[in-house]
Amino acid sequence: MGNHCEGGEVPGQTFDRMLGFLKKPVVVTAEINLSLVALTVVGLMSRLWGLSYPRAVVFDEVYYGQFVSLYMKRIFFVDDSGPPLGHMLLALGGYLGGFDGNFLWNRIGAEYSTNVPVCSLRFLPALAGALCIPLAYQILVELRFSHCAALGAALLILLENSLITQSRFMLLESILIFFILLAVLSYLKFYNLQRHSSFSGRWWFWLLLSGVACSCAVGVKYMGLFTYMLLLVIAGLHFWHMLGDQNLSNVSLVCHFLARGLTLLIIPVATYLSFFYVHLTLLYRSGPHDQIMTSAFQASLEGGLARITQGQPLEVAYGSQITLRNVLGKPMQCWLHSHTNTYPIRYENGRGSSHQQQVTCYPFKDVNNWWIVKDPGMQQLVVSNPPRPVRHGHIVQLVHGITTRYLNTHDVAAPLSPHSQEVSCYIDYNISMPAQNLWRVEIVNRESDTDVWKTILSEVRFVHVNTSAVLKLSGASLPEWGYRQLEVVGEKLSKGYHQSMVWNVEEHRYGKSQEQKEREVELHSPTRMDISKNLSFMAKFTELQWKILTLKNEDTEHKYSSSALDWITMDTNIAYWLHPTSGAQIHLLGNVCTWASANVAAVVYTCLSLWYLIRRRRKIYDIPEDAWQLWVSAGQICVGGWVVNYLPFFLMEKTLFLYHYLPALTFQILLIPIVLQHLSDHLCRSLLSKSMFSALTVAWFSSVCFAYRTFSPVTYGEPLSVAELKDLRWKDSWNILIRKQGH
């Protein structure tokens with residue numbers, strides 16, 4: 001018999017070959033940088049060791065802890081200091097530790113109760129602080145500097161007392177610095193893959209991670225925006241150089257441009273929006289902060305206004321009973337209000353008034369906030385069947401529910417705003433002062449000119465028919481005769497509109513009774529309309545983002561506040577915690593030697609760069625071209641990072657603290673080993689000079705270690721005697737707390 005499989009393999013052999021890989025062990029080889037692993041382990045120990053000590057509220061934990069508790073209870077809040085990602089990460093630590101949110105965050109130094117998982121709350125900032133050490137190492141490697149320089153950068157971050165202190169508590173700076181360094185490292189890795197691995201999986205991964213990390217940095221604190229803008233500028237410069245590369249086709253350049261636009265602009269914006277989406281999803285309950293939001297936003301929260309407004313009619317009709325809230329919400333939220341008291345015949349400055357019934361804006365819910373929308377052509381004050389909705393441009397009269405007097409304005413000066421008209425409820429004194437009580441409804445946020453006036457959702461202006469004045473909250477507080485309530489005026493010459501001129505219906509019911517007594521006790525209509533469904537996520541995001549950017553707390557002088565000039569030379573410190581009996585205390589103090597060296601490195605880099613630029617202009621090249629490119633790229637990241645994270649504080653009108661300098665300091669620290677390596681490689685020409693420079697570097701690093709050890713007691717909160725505390729006051733401007741007794 002012949003070979004029936006001639007020209008091919010025997011089926012058994014094919015099967016054996018397919019399963020051949022099972023006969024050998026699967027081997028994975030990996031390169032492990034033991035130096036990097038050791039640095040990471042030591043960094044974790046330095047940041048995580050004794051994390052639950054002190055078991056008391058430390059400095060700004062009193063501030064951030066309140067938000068963690070609100071997250072645990074799902075209660076809405078607004079924090080004007082920045083976006084929600086940082087707060088959510090701190091709350092994640094509390095959630096993982098089983099925190100129920102029950103703790104009164106009212107003073108620094110208060111002992112934590114047993115239900116507060118202190119270690120868990122502080123874990124994520126400490127972890128982020130520890131991971132900054134390997135990130136620093138990797139950044140210098142990607143900048144094409146030596147392993148020795150990268151090791152030096154990591155050790156300097158490891159031994160920086162201020163970074164240790166800031167990362168060991170429930171604070172946000174270490175998380176911010178982590179995302180900043182991650183963004184820089186990711187971009188550098190992407191850029192270094194550019195030449196030989198464009199559009200590969202790793203290329204896309206690092207580019208995408210760079211954009212996401214930038215978004216996370218901005219999501220923790222708006223200070224992250226500075227580094228994000230720096231990376232966008234660097235990416236723009238790199239792309240500009242690519243345009244001159246004749247080896248790249250037009251299609252390839254367009255693809256590169258679109259890839260950067262997608263990953264560095266579109267995805268970061270989408271990621272940023274997702275932080276708010278999670279934030280608003282988690283915080284669905286009404287709380288103390290929702291009063292500064294619009295009525296529509298408040299109605300979308302569970303409890304609070306939603307309890308009152310649930311089931312009320314959506315469309316305002318003739319005969320509707322309404323309360324009108326001013327949209328501005330400043331100086332406080334308030335509702336259009338009237339009471340039986342009249343304006344004084346003469347004011348203190350001698351000016352006269354109409355002596356009509358007062359109309360004010362009252363910051364509390366009250367029965368005198370209710371008004372009835374009346375059709376001027378009819379006498380009835382009830383809603384007809386079917387209801388006749390009020391539309392944009394309709395003329396109405398507003399009747400005060402309790403006193404049944406009509407909202408009125410006329411050519412009489414307002415009590416505190418003499419250039420505006422007085423607004424009153426009309427009383428007929430049988431004198432030559434006729435009623436002027438017709439108002440045109442203008443829906444500011446209408447989609448068409450036939451829009452119906454809607455409860456909560458519509459923002460309206462009331463334009464006086466006779467004088468064209470607009471009903472406006474002036475914001476001034478009336479004297480005693482007006483019970484300190486806020487002044488309402490008729491604003492003339494109203495081009496455009498301001499939020500003080502805009503009102504929205506908050507509470508609403510369809511009036512059913514003509515009798516005044518019965519009208520006063522009328523209940524809400526059972527008509528069901530869930531208004532919260534009409535408020536989209538983007539509408540809520542836009543409002544919340546605007547509040548975060550515009551809401552300003554009173555900036556008061558703080559004992560430990562400082563100016564940006566104090567930071568460079570560390571002329572200031574912050575006492576974070578003081579033990580009530582022993583001398584143990586924790587201060588935000590940096591490693592003196594590192595801070596001074598960072599300043600020297602910045603000066604040396606600047607002077608050398610200027611010297612090289614002038615010489616290169618004269619066609620004199622002191623260093624090779626690749627070394628020059630290395631020097632410039634390092635400066636873009638390190639000097640640029642320091643500049644963009646430091647100089648903006650000179651323009652800010654806010655209370656500043658030393659910890660605001662830490663992101664800038666981190667970039668400046670990375671510059672130290674870069675300058676040292678450059679001096680060693682290019683200025684130390686002989687073997688002797690290199691040896692001497694190495695010896696000086698070792699001596700300098702020993703002083704860094706000495707400074708770290710000297711100040712570690714106030715970094716970790718070790719007990720100290722009065723004499724030891726006095727020895728730590730290296731500068732007279734430092735506020736080291738020394739008790740009178742020695743124990």
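Even glycines carry a Cβ here, placed using N, Cα and C.
Whatever TrEMBL says is automated annotation, not expert-curated.
Per TrEMBL, the features are as follows:
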TRANSMEM  26-49  transmembrane segment
TRANSMEM  123-141  transmembrane segment
TRANSMEM  148-164  transmembrane segment
TRANSMEM  170-191  transmembrane segment
TRANSMEM  203-220  transmembrane segment
TRANSMEM  226-243  transmembrane segment
TRANSMEM  264-284  transmembrane segment
DOMAIN    313-376  domain 'MIR'
DOMAIN    387-444  domain 'MIR'
DOMAIN    448-508  domain 'MIR'
TRANSMEM  595-614  transmembrane segment
TRANSMEM  626-644  transmembrane segment
TRANSMEM  656-679  transmembrane segment
TRANSMEM  691-711  transmembrane segment
DSSP-wise, what's the residue breakdown of the domain 'MIR' (448-508) into helix, strand and coil?
6 helix, 27 strand, 28 coil
Output the single range from 123-141, 148-164, 264-284, 626-644, 691-711 maximising the number of Cβ pairs under 8 Å to the transmembrane segment (203-220).
264-284
In the same chain, who gets a Cβ under 8 Å from the transmembrane segment (595-614) while lying at least 6 residues past its ends?
568-570, 622-623, 628, 631-632, 635, 638-639, 642, 665, 668-669, 671-672, 674-676, 678-679, 700, 704
What stretch in 123-141, 148-164, 264-284, 626-644, 691-711 has the biggest tally of Cβ pairs under 8 Å against the transmembrane segment (656-679)?
148-164
Excluding the flanking five residues on each side, which residues at least 6 beyond the ends of the transmembrane segment (626-644) place their CB within less than 8 Å of a CB in that stretch?
139, 143-145, 180, 184, 188, 226-227, 229-230, 234, 237, 602, 605-606, 608-609, 612, 616, 663-668, 670-671, 674, 678, 681-682
Six or more residues out from either end of the transmembrane segment (148-164), which same-chain residues have a Cβ under 8 Å from its Cβ atoms?
35-36, 39, 42-43, 46-47, 129, 132-134, 136-141, 174, 177, 588-591, 594, 658-659, 662, 665-666, 669-670, 672-674, 676-677, 701, 704-705, 707-708, 711-712, 715-716
Which sequence-distant residues neighbour the transmembrane segment (123-141)? Criterion: at least 6 residues beyond either end, Cβ under 8 Å.
35-36, 39-40, 42-44, 46-48, 51, 89-90, 92-93, 96, 147, 149-151, 153-154, 156-158, 163-164, 166-172, 174-175, 177-178, 181-182, 184-185, 188, 637, 666, 669-670, 673-674
If you average pLDDT over the domain 'MIR' (387-444), what do you get?
86
Are there residues at least 6 beyond the ends of the transmembrane segment (226-243) whose Cβ is under 8 Å from a Cβ of it, and what are they?
180, 183-184, 187, 191, 194, 210, 214-215, 217-218, 253, 256-257, 260, 264, 268, 636-637, 640-641, 644-645, 648, 663
